[in-house]
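Visitor: Take a look at what TrEMBL says about it:
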- 1-19: signal peptide (SIGNAL)
- R107: site 'Transition state stabilizer' (SITE)
- H111: active site, proton acceptor (ACT_SITE)
- 277-301: region 'Disordered' (REGION)
Amino acid sequence: MRFIITCLVIALSVYVAYHGLEYDHGFIRLTTRSPGNRTGVKAPEKSPFDDNDDLMTWYMEDDSDHQSYSLHYDFYQDSCPTAERIITIGIREVYAAKPSVAPSLIRLLFHDCFIEGCDASVLLDADESLTSEKEASPNQSLKGFDVIESIKFELEKVCPGVVSCADVLVLAAREAVLMAGGPFYPLETGRRDSVVAFKEIAERELPSPQASISVILARFGTRGFNERETVSLFGAHSIGITHCTFFEDRLYNFSGTGKPDPDLDTGFQQELKTKCPYSASAPSPGTGVGPSIPASDYGGVSSGGGSDGVVDLSYNNEGGEMNFGTRYYRRLMQKKGLMYADQQLTGREETEMWVRAYASDTQLFRRDFAMSMMKLSNYHVLTGPLGQVRTTCSKVLPKI
Ligand code: HEM
């Protein structure tokens, strides 16, 4: 019986998702499983993009095999039926007052999932037994923690101790993508929260804004993301902001040459210089003003000072509301990527091919981005008896 109900719920989700994407004239083959989870159950390793199998059938077979410890659609159907609605409404309300919450939450999700999986470890504050991931250099400019915490607070009033912070984060990020003009994607739930944090791993493994294409592909590759999926995820850089500190070496002193990055369009470079003027007296990285530039892998910026100005990744929403993604890739093709890491996507044939494809085919991008976000949201999750469900997202439950 449970199997039949699960199938019906999945079919309904697929229908909703399909129509959500079809609204944008796209077509989506719905499937995604995590490249691995921490239940001991090994999920299929093939990419949803690999072939034309009947992916829905494959998906359902997989689900029936591992029902006990895998994620489920509408996991909170009985235990907290209003959970997803509370999250959706919460994000919509915050977004209406402050649209910048959307990019902040998407980035927060990436930084959580990329480091040891989607387990809300990034949300934990330091205490006597735990060093917070928030202290890792790449995480010091993260935002949106308060939004997740306030939604969790509302959930606790209705269903105490039921909905994990990891699920709140993935569902909040999905709503953020939608609010920002991105595609809808179905998500399963039932993630559990980590009891530890991974500061050193975050410091070491989150790619730097100065990362080369080899480093980017290696870091995403070890997490099961191929070139296509990696390039599609970068489409998130079509919204939000970046501080000048993260790319101003490209304007003033690229690789210690004292000259700008030759891979940066000259007109764009001039434009950026007005937004990010060279200033030796500006706060240096790590002073606590503006984003703190990482000491190690996230750093390497050598502009000799740096301003703490901010540049709009969406270029003031040039291209209108439905600009999510496409314009970013078009600009990469014009050598107008902001960070070195962004522009690196055109630095190798396999990735440039996808930049080109997404620049000309919005629907292809939206489909691929949706699939990659599903995959990212399922990456290395804790389920079943592993982890816990925190009551406050910044704190591990006290030992009884
Ligand atoms: C090599 C990979 C990546 C690097 C080096 C990188 C680096 C950065 C940096 C330095 C910023 C600016 C932060 C600030 O100034 O406050 C940023 C912003 C952002 N990143 Fe990434 N990122 C990467 C991949 C991704 C991925 C895969 C996603 C999502 C799927 C993502 C989503 C975002 C978003 C939405 C923002 C805007 C944040 C805001 O406005 O609050 N990034 N990223």
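Cβ atoms are placed via backbone N, Cα and C, with glycine included.
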Visitor: Measure from the Cβ of the residue listed as 'active site, proton acceptor' and count the other Cβ atoms within 10 Å, all protein chains considered.
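Guide: The residue listed as 'active site, proton acceptor' is surrounded by 19 other Cβ atoms within 10 Å.
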Visitor: Near R107 (site 'Transition state stabilizer'), which residues of its chain come within a Cβ-Cβ distance under 8 Å, counting only those 6 or more away in sequence?
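Guide: Within the chain, R107 (site 'Transition state stabilizer') has Cβ neighbours under 8 Å at L142, K143, G144, A236, G240.
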Visitor: DSSP three-state call for R107 (site 'Transition state stabilizer'): helix, strand or coil?
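Guide: For R107 (site 'Transition state stabilizer') - judged by DSSP and reduced to three states - the answer is helix.
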